[in-house]
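A.B. asks: Got a structure for you, questions after.
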Amino acid sequence: MLIVHGGTPLKGEIRVRGAKNLVSKAMVAAVLGETPSTLYDVPQISDVGIVSGLLRVHGVEVTSGHDQSLHFDTSKVEAAGVDEINIHAGSSRIPILLCGPLLHRLGRAFIPDLGGCNIGGRPIDFHLNALREFGAVVDKTPGGLEITAPEGLKGIQYRLDYPSVGATEQVLLAAVRAEGTTELRNAAIEPEIIDLICVLQKMGAIIKVHTNRVIEITGVERLHGYSHRPIPDRIEAGSWASAALATQGEVFVRGARQADMMTFLNVFRSIGGEYEVNDSPVDGGIRFWHPGGPLKPVALETDVHPGLMTDWQQPLVVALTQAQGLSIMHETVYERRFGYTQELRAMGANIELYSECLGGTPCRWGRRNFLHSAVIAGPSKLHAADLQIPDLRAGFSHLIAALAAEGTSRVYGVDRYITRGYENFEAKLAALGANVERPGAAL
Ligand SMILES: CC(=O)N[C@H]1[C@@H](OP(=O)(O)OP(=O)(O)OC[C@H]2O[C@@H](n3ccc(=O)[nH]c3=O)[C@H](O)[C@@H]2O)O[C@H](CO)[C@@H](O)[C@@H]1O
Ligand SMILES: C=C(OP(=O)(O)O)C(=O)O
């Protein structure tokens, strides 16, 4: 639990490291290589700890080195016991991505039940359908999925019904060493996926990204290790930027990169926030600030890249509670990603949820009665509350709301959720002048 004394603008500088949503996938990709790999600038977040644990139970030696690097020795990849693997059941989305690498290295894989944020059904039908097309046999057991490839994996022609990030990564990780060529249509093209393709290319893969979401992979027999510096975490950068706006502060996010954040930057400016890009390759970043005066309401929709990323939605909604007028946020990626607004309402925010597609583009959730559009009327004077964090991004948003509110809030669940994606966030809050404490810490 964190005690947050609100009302102080966040001011100062913090640094973001490698992206959570690339680092974990690059760690899995290391298993495909027959020689060691090194990944630099790895954030100390709990998801990295979970994936390290998963790799270790499969015989990968994971060691840390200078510049927050991780080194992976994959010379002794081996099957893990179901009990060992199941320690990681329900911990993240990543285990499903081990299918391709383990099938190529061992001919079989056992995948425990998945975790990750509870923001919708999050099925894995695209993953399993694609794996079956590659030639894998999938058996559901009470403890998880048993997957084998009696005749190896063979390249496929496959179209995703929706450009899923995870399913695109699944196909990439299976296709790079499959026999023949794979063509994936309607693929996701998030910057983290392009960076994963860079990792795989370094390992010896042949991958072409065509226009119109088509990715073509020519399978190769062997892959070797890589050395890679990941793209910075654009979600974390956007979260701190939103915190600067909501608290009327100014935050320099060292490491943030304009190219990955173009969509976010346009939204930030439309709301009335200011930013300045420093391009220095050594110590560059983006300075975000509230210029004073009223913020402007906006109508937004989340979408797959290059649209507005769904993981920016929650921090932005907190900032929009301070805009003057009616804003709309239409969530088109997940069907249940507004649960956290109930706590914001308890803090004085004026937010109504609707099952209609209010953003303009009809989406998959419109006719299915999911409350997936929000109307935010601002500005609202937020007041302190006791907050129970439901997931990672919602948790950070609750924290921002508590920082922007008048009075002292208690925020529960920080260690379980926020540490999944925000490195050293308490130290970063302190660096930005936030008045936050752990109960009993002063004793
Ligand atoms: C670890 C990681 O990288 N997580 C990110 C990844 O999650 P993740 O890869 O799980 O998200 P997806 O892009 O796969 O999910 C998008 C949508 O597709 C649906 N779907 C997905 C797979 C499938 O087999 N069937 C299906 O219907 C999901 O229910 C969801 O509605 O991309 C999301 C969308 O940018 C981000 O919010 C997450 O932070
Ligand atoms: C939804 C998220 O993560 P995950 O897919 O790991 O649950 C997120 O990072 O906001």
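Just so you know, glycine gets a Cβ as well, placed from its N, Cα and C.
As listed in TrEMBL for this protein:
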ACT_SITE  Cys117  active site, proton donor
BINDING   Lys20, Asn21  phosphoenolpyruvate binding site
BINDING   Arg93, Asp311, Val333  UDP-N-acetyl-alpha-D-glucosamine binding site
DOMAIN    5-429  domain 'Enolpyruvate transferase'
MOD_RES   Cys117  2-(S-cysteinyl)pyruvic acid O-phosphothioketal
A.B. asks: Going by DSSP, is Asn21 (phosphoenolpyruvate binding site) part of a helix, a strand, or coil?
C.D. replies: helix
A.B. asks: If one looks at the chain holding Asp311 (UDP-N-acetyl-alpha-D-glucosamine binding site), which residues at least 6 apart in sequence have a CB under 8 angstroms from its CB?
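C.D. replies: Correct list: Ile235, Gly238, Arg393.
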A.B. asks: Limited to the domain 'Enolpyruvate transferase' (5-429), I'd like the whole-number average of pLDDT.
C.D. replies: 96
A.B. asks: Let's check the environment of Arg93 (UDP-N-acetyl-alpha-D-glucosamine binding site): how many other CB atoms sit within 10 Å of its CB?
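C.D. replies: Its Cβ has 18 other Cβ atoms within 10 Å.
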A.B. asks: For Lys20 (phosphoenolpyruvate binding site), what is the tally of other C-beta atoms lying within 10 angstroms of its C-beta?
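C.D. replies: Step by step: centre on the Cβ of Lys20 (phosphoenolpyruvate binding site), count other Cβ atoms within 10 Å, giving 25.
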A.B. asks: Excluding Arg93, Asp311, Val333, please set out which residues of the same chain place their CB within 8 Å of the center of the CB atoms of the UDP-N-acetyl-alpha-D-glucosamine site, keeping sequence order.
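C.D. replies: Once Arg93, Asp311, Val333 are set aside, the remaining close residues are Asn21, Gly116, Cys117, Ile119, Val165, Thr310, Tyr334.
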A.B. asks: Around the C-beta of Cys117 (active site, proton donor), how many further C-beta atoms are within 10 angstroms, looking at every protein chain?
C.D. replies: 20
A.B. asks: For Val333 (UDP-N-acetyl-alpha-D-glucosamine binding site) and Cys117 (active site, proton donor), what Cα-Cα distance in Å is obtained after rounding to a whole number?
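C.D. replies: So the Cα of Cys117 (active site, proton donor) lies 13 Å away from that of Val333 (UDP-N-acetyl-alpha-D-glucosamine binding site).
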